[in-house]
Ligand code: IDP
């Protein structure tokens, strides 16, 4: 059995402006993941550059930073068994065009540069913790029980 862990997810400005926050939150809630933090913010440029630091040398970096700072985002932390991998599988591939139907990007997006949502990369161990630390203070993470946990886990 995998560990219960926390992972970082963000509805990007295109998802916010298209009114998709509720749809996206609902998918994670229904899966059984637990929301432990959430906030609606405009990302400062320095935070955007740090968050996407691994892409600094790419030719899409400037456009990516412009886009992610162009409007509000809804940043969240979700907790559950194998949460990082499970959330990524629900999000789909980086390019919505390559994402299967049933995934968030496959159902709600069409274009690589407007892929609706960000989620920590399960193939980059520790990225979940790093991203949570970047966006949230410890006291913003709220510990509580979902009464249905008894039915979600054996
Ligand atoms: P991920 O969001 O699926 O983890 P990353 O490779 O970390 O994908 O890329 C971060 C974001 O940068 C993507 O979500 C996408 O919005 C954007 N991006 C990635 N590759 C390209 C590209 O080739 N052109 C334009 N934007 C890109």
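Cβ atoms here come from the backbone N, Cα and C positions, even for glycine.
TrEMBL has this to say about the protein:
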type: ACT_SITE; residues: 118; note: active site, pros-phosphohistidine intermediate
type: BINDING; residues: 12, 60, 88, 94, 105, 115; note: ATP binding site
type: DOMAIN; residues: 4-143; note: domain 'Nucleoside diphosphate kinase-like'
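94, 115 are the binding-site residues among 12, 94, 105, 115 whose C-beta comes within less than 6 Å of an atom of ligand 1, given in sequence order. DSSP assigns residue 60 (ATP binding site) to coil, not to a helix or a strand. Most Cβ neighbours within 10 Å, among the recorded positions 12, 88, 118: 12 holds that distinction in the structure as shown. The full span of the recorded ATP binding residues, 12, 60, 88, 94, 105, 115, taken as their largest Cα to Cα distance, is 22 Å.
In the shown protein chains, 25 other C-beta atoms lie within 10 A of the C-beta of residue 105 (ATP binding site). In terms of Cα distance, the binding-site residues that sit within 10 Å of residue 118 (active site, pros-phosphohistidine intermediate) are 88, 94, chosen from 60, 88, 94. Annotation note: residue 88 (ATP binding site) sits in a helical segment as assigned by DSSP. Sorted by the number of other CB atoms within 10 A, the binding-site residues 94, 115 start with 94, the lowest. Remark: residue 60 (ATP binding site) has 113 as non-local neighbours, by Cβ distance under 8 Å and separation of at least 6 in sequence.
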